[in-house]
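First the structure, in the form of C-alpha cells, and then the observations on it.
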Amino acid sequence: MTDDTRIAVKPNVLAGTHVDASKREAMVAAARDEPDVFWKHESRRVAWMREPTRIKNTSFTGDVSIRWYEDGELNASVSCLDRHLAERGDQVAIIWEGDDPNNDAKVTYRELHERVCRLANVLRKLEVKKGDRVTIYLPMVVEAAVAMLACARVGAIHSVVFGGFSAESLASRIQDCESTLLITADEGRRGGRRVPLKTNADEALKSSPTIRNVVVARVTGGEVPMQEGRDHWWDDLCRDVEPSCEPERMNAEDPLFILYTSGSTGKPKGVLHTTGGYMVWASFTHELVFDYRPGEVYWCTADVGWVTGHSYIVYGPLANGATSLMFEGVPSWPDNSRFWQVIDKHQVNIFYTAPTAIRALMRDGEEPVKRTSRKSLRILGSVGEPINPEAWLWYYRVVGDERCAVVDTWWQTETGGLMIAPLPGAVELKPGSATLPLPGVQPALLDNDGNTLTGPAEGNLVITDSWPGQMRTVFRDHQRFIQTYFSTFPGVYVTGDGARRDEDGYYWITGRVDDVINVSGHRMGTAEIESALVAHPKVAEAAVVGMPHDIKGQGIYAYVTLNAGEEPTEALRKELVTWVRKEIGPFAAPDAIQWAPGLPKTRSGKIMRRILRKIAANEVDGLGDTSTLADPTVVGDLIDNRVG
Ligand code: 6R9
C-alpha cells in the first residue's frame, strides 16, 4: 500500500451529497479567513433562546481562554428534542437493539421528549440545580440518553462513567467532581452476561459522601439492595411527575458535561465541554462527515461512556433529527455476524465503529458478513485508533461491497467532535489515512523543538487555532489544562498524537507520542495502570508500556518489581491481572506481566520507557543509546526474560 492508492467513492452512493469538492474548498477558506461569519452561519444548526452576536473569542496564549457564542443562550435538550416535535415528533429518534436479538425498542422524538422531561422534573424534585454535577453509570440502554438530556434540561453537568469501570474508578470520578446524584441501573447485559452495576455503585458510594440520591433504572429486573432514603427506582419517581418540563436557560459557555479521560500523568482529567460551541460542532461534523440525510438510520457502535457516544449517539444525531441506533450488545454474540444482522434488521444506512472490532471480525473470514445483505449501507465510519490499510480495505470490500465510502475520523475527547476526516464525495479516500482537516480545523506538524514543518513531513500534530467544539478547561483545574495542552509548544493546542503528512496534504495518524496507550480504542494512561499495580501489597515498582497487538491495536505490557522476599509465581501473576481488573476495569487487564528485578533508569531516576517499549515489541536490536542508564546491565536481564 502506498500513499498513492486512492479510492474514489462510487457516485451512486453520493447522489445528493451535501458537500462536493469545490463547496468543501469554499468552506475551508471561509472558516479560515472569516471565522465569525462562517460560524455565525453554522450556529443556526441549534435552537437558540437568544441568538449569539459575539462569535469567536479565543486565545491559546497566557491564561488560555476559549469562548464561542458567548452572549448566546440555549438548552441542548431543546435542540435535540423540542424543536423537532412539530416536524418529526412521530419519527423514531432512537432504535434500541438489545443484547438479546429478540429484544428491541423504538422511541420517537415525542416519546423521548416526554421521558426526558419526566426525569428532568425528578432531578429538580431531588434538588439538582443548574451547575450541580450528576454522575451517570448506566449500560447501553435508552435511559442513558434520557439521563444525559435530562441533566442538560435542568442545567446540571453530567459526568458519564463507562459501565465497564470498576467501583474504585467510579468512586474517584464521583469524588473529583463532587456529584450530588448518581443515576445507575440494577444490572447491565453484555454478550449474554450480566454486569453488576448497582453492586459496583454501592461499593463506590461507601467512599462518595457527596451523593445524596441514587436513581436506579430497572434494566434486568435483578435483585439489588436499595438503601432507604438514598436509593429510588427510576420508574417510581417518573410516574409521579409532569410530562413536560421548562428547560433551563443556559449561556453558550455554561458547562454541558464533564468526561474523564486519561493523560500521560496523574489521575484522569475532567474534560469540560460547554453548551453552544459543542452543540454546533457535534451537529456540523455529524452532518458533513456522515453525509447525513433526513430519514436515514445511523448507527454508532460506541458506548455512551466514551466521547464518541456523547457526540455521535446522542448530541450530534439528535440535534440533526436523525434516527440513532443504540446497541446494548457486542459484535460476537450470539455469533460473529451480529453487526451485519442488525444492519439488515433495521436497514442501517450509516455505520460507525472501531478498527479493533473490524480486525476481530476480519479474523473470522468473509462468510459471517456475506451471509447478510447490507444493501442499505451507504457510509462506513472508523474511529478510536489508527486503522491499518488491511482492515480499511476489508471494511471497504467485504462489508461495504466496494459501494460505500469509508470515513476514518480522527479526533479526541478534548476536541468534542471530528477533526480530520474525509467528506464523502468531496475528498478521495486513501486506505489508512484520516485524509484532510474539516473546515475550521487548522492542523500543523511540529518537530520536537517546536519548528513548524512544511510539505510532506512527520511530527507532532498540533492545532493552531480554536474550533467551536474544543474543550474549555479541566474541571476545576485550569492550570492543568494549560500545562497539558498548551505548554510543550506554546500558542498551539497539542494533541499528543504524532502524524505524517503526504504530498497531497493527507494526514496519517501514527499514534500517541506520550504515555497514553490505546487498547481496543480504550484510552488509558500507563501511569494509571502502574499506580493500580503498585497499590498491590507485594509490588514494589511497575512500569507499563503498550505493545503491538493484532486485534486490540495495542496490548498492555507490564514490568513488575516485587518487594524483597516475594516469590514471582504464576499464581501471583494471575492475582495481579485480577487486581488491575478490579482497580480500574476489565479492559485494563495486562496482556503480559514480566517480572523485573530492576527497571532501566537514568541517573536522575527516570524510567527509560523507550527501552521498555522496544523490549515489549520484541525489537531488541534497535535499543539505541543505553549509556545514560544508571545500571545498563538490567537491560540484558529484561531481554532474556521477555514474556510472549
Ligand atoms: C474519539 C476518541 C483519542 C485518541 C487520539 C488518537 C486515537 C482516535 C483515531 C485515532 C488514529 C483515528 N484516535 N481516532 N488515531 N486514527 N481515526 O477516540 O477519543 O478516547 O479521547 O481517544 O485516540 O490517539 O489521541 P479518545
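Indices start at 1 and increase along the chain as displayed.
A Cβ is built for glycine as well, from the same backbone N, Cα and C atoms used for every other residue.
From a predicted model like this one, the values you see are computed outputs, not experimental measurements.
According to TrEMBL, GLY384, GLU385, PRO386, ASP408, THR409, TRP410, TRP411, GLN412, THR413, ASP497, ARG523 bind ATP; the candidate from ARG374, ARG397, ARG512 that the record adds to this site is ARG512. Ligand 1 lies under 6 Å from the Cβ of PRO386, THR409, TRP411, ARG512, out of the binding-site residues PRO386, THR409, TRP411, ARG512, VAL534, ARG581. The secondary structure of THR308 (CoA binding site), as reduced to three states from DSSP, is helical. In this structure, the binding-site residues under consideration are GLY191, GLY192, GLY384, PRO386, and the one with the smallest number of other Cβ atoms within 10 Å of its Cβ is GLY192. When Cβ neighbours within 10 Å are tallied across all protein chains shown, the highest count among the binding-site residues THR409, THR413, SER520 belongs to THR409. Summary: among the binding-site residues (VAL534, VAL539), the fewest other C-beta atoms within 10 A of the C-beta are counted at VAL534. Here the CA atom of HIS536 (Mg(2+) binding site) lies 12 Å from the CA atom of ARG581 (CoA binding site).
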